[in-house]
């Protein structure tokens, strides 16, 4: 069939097994072809084709509510709800979002991008349904990786206690992004291999029900016998102990098994968990064979052999550079312990993991635990390196503030994907960390201008013993500068002048330095002499340099690829005010008070007026203001 002509999932209700299998194959072919051009989360989506089809066949969306945890596995859902024709624009500027989006479709009931949120949201929707005396199903779909998140476990506890009518689909593919870790993963592993459990339990219950009632003693014995079977077959029936009816595990690629089990689940009163076993990447061999997470989310690739299409780059990947520098120093410093919340592949930590298995901890999708574990290590004079994406550090804010910074512990926080990240969009843009870290006492924040300075900042962070220190580094690759062989620690709070200039100053750091230098070149052609400062320490700032610039009455333009509210530019304004420079002429360029959508980073910067041309225009206004207030020197 022509997938582009689908307008509603209702067509699935009349299809037989053979027809369903044909549609499933067409969807897989479609996804493989489209994602080979745009990139995307191909592995997770190939694994949920049959499951998604059967959910839409057995339930009535949008009346019945589907909540896709994380949301990266919702491509099939988008195809079935009439958006196949938009897949050429997947994750592109102004195109189809890679995650559920309420403005896209009435079928996207829950927006997400971060993990472990679906169960809590589902509890809220179910509670609203019950309060309003409505009758519909609420169906969160959560992966075994996301289920390790503390928020998901909190929600399971509440849902089971409240006996809320809800059908939880556990999509178990044994991976989140990288292979899963933890005790819960082991529990699920036992359930996967205990497929005879459900059958045996049903047979035993049937047998017990046929026994005549001869008194409480026999009934009690029978109940103990049932309980004994549970614990003999599966050590710790986790979900049933939490108050859920457990159904499964079942083959998530078997239409008949899915139909039978979902039909049963619809009849259950109270919460039910359907445990579905799926194969991540099913139907495309390179993705099926992936055991470490390379095919979780990809860029473009060649369909015939699965080779990734690499863009031209000059320098090493930032994640690789930082991780490799930590690895080298860790060979000399046994205090260094690396922690990651389920991102060993994304943050390029495999080398550290291989060299130091006893000093490497992948804690799963557990950012709060990761941060406080780092604090615990620091109390014992270890040097924890917490490698975490900027967007996921948001989830550990209280732990950073309360457990790390308040006791002033020496924790090195590597903030990966700092700044705009592009195609993953508003849920993943790393633009908030400066604002929520800068106001925390004892915190040091830095960001390098290039990869050479980046490796020196790793050395700085490891040697620093004055409290927590955060090193921000962007997604993508460096600019290709030579790397020094010998690493040195930088003076904390020191800036450097990259370009002398008497008329005005641009203060910036990290990825926006090339833009600032370009703007200075453009202004030089107009006879305007601009100083460009690498404000590499966002906190503490270089007070001596700020005093020099402000006392000379030089207009200042700050540029940051981060939110303006509470950001670096705000810090410069605060400094000017607090030190009596009440006539300071300061303007700020950065991320406005809005969420930034998906798209190419250059397109996004142009959209929010953060280009060299915009910097030139703003600087011209500043210089005019200087003339108007009569501060010419």
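Backbone N, Cα and C atoms are what each Cβ position is placed from, and that goes for glycine too.
Given the structure is predicted, the values throughout are model-derived calculations rather than measurements.
Binding of thiamine diphosphate is attributed by Swiss-Prot to 72, 113, 114, 115, 145, 146, 284, 367, and the same site annotation extends, among 157, 165, 173, 381, to 173.
The C-beta environment of residue 72 (thiamine diphosphate binding site), restricted to residues of the same chain at least 6 apart in sequence and closer than 8 Å, consists of 41, 44, 45, 98, 99, 296, 297. Under 8 Å, Cβ to Cβ, and six or more positions away along its own chain, residue 114 (thiamine diphosphate binding site) finds 70, 391, 392, 395, 427. The most densely surrounded of the binding-site residues 144, 367 is 367 (count of other Cβ atoms within 10 A of its Cβ).
Largest Cα-to-Cα span within the thiamine diphosphate-binding set 72, 113, 114, 115, 145, 146, 173, 284, 367: 32 Å. When other Cβ atoms within 10 Å of the Cβ of residue 173 (thiamine diphosphate binding site) are tallied across all protein chains shown, the result is 22. The separation of residue 173 (thiamine diphosphate binding site) from residue 144 (Mg(2+) binding site), Cα to Cα, is 7 Å.
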